[in-house]
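Peer 1: Sending over a structure as structure tokens; questions will come in a sec.
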Amino acid sequence: MASVLRGVFKTHLPRTLTRPKCARTFQTTTFLRNEQVKLPQTYDEEKVIIDEINKSLKPDDLQASTRLRNIGISAHIDSGKTTFTERVLFYTGRIKAIHEVRGKDSVGAKMDHMDLEREKGITIQSAATYCSWDKDDKSYHFNLIDTPGHIDFTIEVERALRVLDGAVLVVCAVAGVQSQTVTVDRQMRRYNVPRVTFINKMDRMGANPWRAIEQINAKLKIPAAAIQVPIGAEENLQGVVNIIDRVALYNEGEQGETIRKAEVPEDLKELVEEKRALLIETLADVDEEMADIYLEGEEPTVEQIKGAIRRATIGRKFTPVLMGSALANRGIQPVLDSVVDYLPQPNEVLNTGLELQKDNSEKPVHLTPSTSEPFVGLAFKLEEGPYGQLTYIRVYQGKLKKGAYMTHVKTGKKVKVSRLVRMHSNDMEDVAEVGAGEICATFGIDCASGDTFIGQGTQQQITMSSMFVPEAVISLSISPKTKDNGAFSKAMNRFQKEDPTFRVHYDSESKETIISGMGELHLEIYVERIKREYGVDCVTGKPQVSYREAITVPSAFDYTHKKQSGGAGQYGRVIGEMNPIESENKFETQIIGGKIPEKFLFACSKGFEDCLEKGPLIGHRVLGVHMLINDGQTHVVDSSELAFRTATHGAFKQAFLNAQPVILEPIMSVEVTAPNEFQGSVVGLINKLGGMINDTVNGPDDFTVTAECSLNSMFGFSTSLRASTQGKGEFSLEFLKYSPTAPQVQKQLIQEYQKAQAAKK
């Protein structure tokens, strides 16, 4: 697997209750009042509901929520997330020494606890921890999750953001907003997660925070303004100026653990005032109170500015921007202060779910972050631990106690919480109970990611908003070198359960096990983990693109399945039409007069689902088809569910092949960054692949090209890029869309498929 390919659907999903189209979902849980609830569309509407809920909270609940922050650290790969998190843990006293990524000191960053993570210098799994931060003589509790930057491991970001209340978005001061930054921004919007932004690597040559802020405004389309100005830059970075209260902050001590406050340097005073005015002007555009002050020509106080930043940030209308260097131990502590000042506490976030009614309809309900309400929790992540399956749970309502029983909503089973722990990367600390808003883990519970648990004895059947799971874009065959099928099967089952984007199926025709995922790196990591964790060496086939099949014009069908071989035969006739649609696949019936009984129509729907999994052209999944059955015929003796299911198979194939079918291939958004002297070589390489260049940005030393290329053309691109740039170029891929293949490619794919099918007979 030479190249590192990464892909994910660019589907925007509103947070609370809509389920994504053409994607897998996980049902979760929610619980509260019985009255009908209207879903809010904006944060202002959410806040009305939040304020009502907060009126019912007890002082102890409010106090606990005020001191709690659930935050994630997200960014493009190599922006310094894990290095930043390591400093956070050190400055909060959670670890006693700083260790670097890649395990250069034989230890490695605390949050990258897998050997593979430390060897490769990347985060593969999200890691959870907790720490405390003191500000203004008050102690605040942070639940912190460090997430991967590789698009291949995007599900780790999805499930982290699903349960977090806020985030720190880390942006590289040199590279600025990159492809995965845009993806992470979209994921934050999907789950309505507010963020503060930290511009990292200010000590690097070419660092330009103002360009990065312009890109945040332009590319991420969220108002952003600096609340700091750097003191020095690149190798001369000394500290930052807090422009809100006009104070210079210097990191001192061997590892920057001490903050010294001083007056603003004389040569920066003009810039500080300029950026302060820009901050106030930006806030006036997104906050009514600041707008009133601004229009009246008054000078806002420090408290008024901070209040406006907090309201606008929590309202997801603005992101404050801080800057520094995690590696150089500069500017980290002010970010922790900003987490306290500007990111929401649990009772400032509206968590909504669905309660199943007796008529099978679903009613939206809101959760209360109170320990006195019935328990509701979401299992958002699974890991294989030394004591069995480790299940991470976010407590949305009530409290969870060691030794207590809770109900698994999906199965209705009662399970006992035999052990309750807080996680610190791969270490754990036993606790007796956790309250609303907290994140914990427990052992010995049989469940899947996204399952909901409620307190024992609770009558409501409740599911929370769904977690978005992107479709796989790449597959390969895999088999153990030896006959150790037991360990191999155990590994497959475990990894599927832990990672919803890792798919496994057995191809009965080729007699092969096929694994599918988000990219070559994604699958490569799992092949390596099977070897390391289960002692099973595997042989893998060449990576295969996950094509799709679709139709382009409507097509009518009239198909009769008739089989007679003595005794009762098989008979089923279905009539209708097939149409191309842009949304999810759809099956519909409009039968008048009961010509086809309901049980046979149900069999038809199952037949339709069968056909979607394996299209008539090359055996790949079908996309964007609407099948309507509006007439048909039965036989009093020979008609059966099997007959109508088989008839649907025949009708589907008949209509599909008559509807000018096409083969769709994944088109990837490719971003290549390399030194300027290699620009011609890189552009030529992309053109050779048949790619379409959309944008080129030239920096002082490097350039970045954004293009669209077919995934099929990208195999081996890593090697080609390395050769074209003397090993100095890097690239990332993200799934963009499905697009029809060229006619000659479609013809070749069909011929190869037909040849392979004939060889099996």
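Including glycine, each Cβ sits where the backbone N, Cα and C put it.
Sharing the feature lines straight out of Swiss-Prot:
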TRANSIT   1-33  transit peptide
DOMAIN    66-347  domain 'tr-type G'
BINDING   75-82, 146-150, 200-203  GTP binding site
Peer 1: Tell me, by DSSP, whether Ala75 (GTP binding site) is helix, strand or coil?
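Peer 2: Once the DSSP labels are grouped into three classes, Ala75 (GTP binding site) ends up as strand.
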Peer 1: Need one number: mean pLDDT over the domain 'tr-type G' (66-347).
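Peer 2: Averaged over the domain 'tr-type G' (66-347), the predicted model reaches a pLDDT of 87.
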Peer 1: CB neighbours of Ala75 (GTP binding site) within 10 A?
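Peer 2: Within a 10 Å radius of the Cβ of Ala75 (GTP binding site) lie 27 other Cβ atoms.
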Peer 1: Please report the DSSP secondary structure of Thr147 (GTP binding site), reduced to three states.
Peer 2: coil
Peer 1: Can you tell which of the binding-site residues (Asp78, Lys81, Thr147, Met202) has the fewest other C-beta atoms within 10 angstroms of its C-beta?
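Peer 2: Among the binding-site residues Asp78, Lys81, Thr147, Met202, the sparsest Cβ neighbourhood within 10 Å belongs to Asp78.
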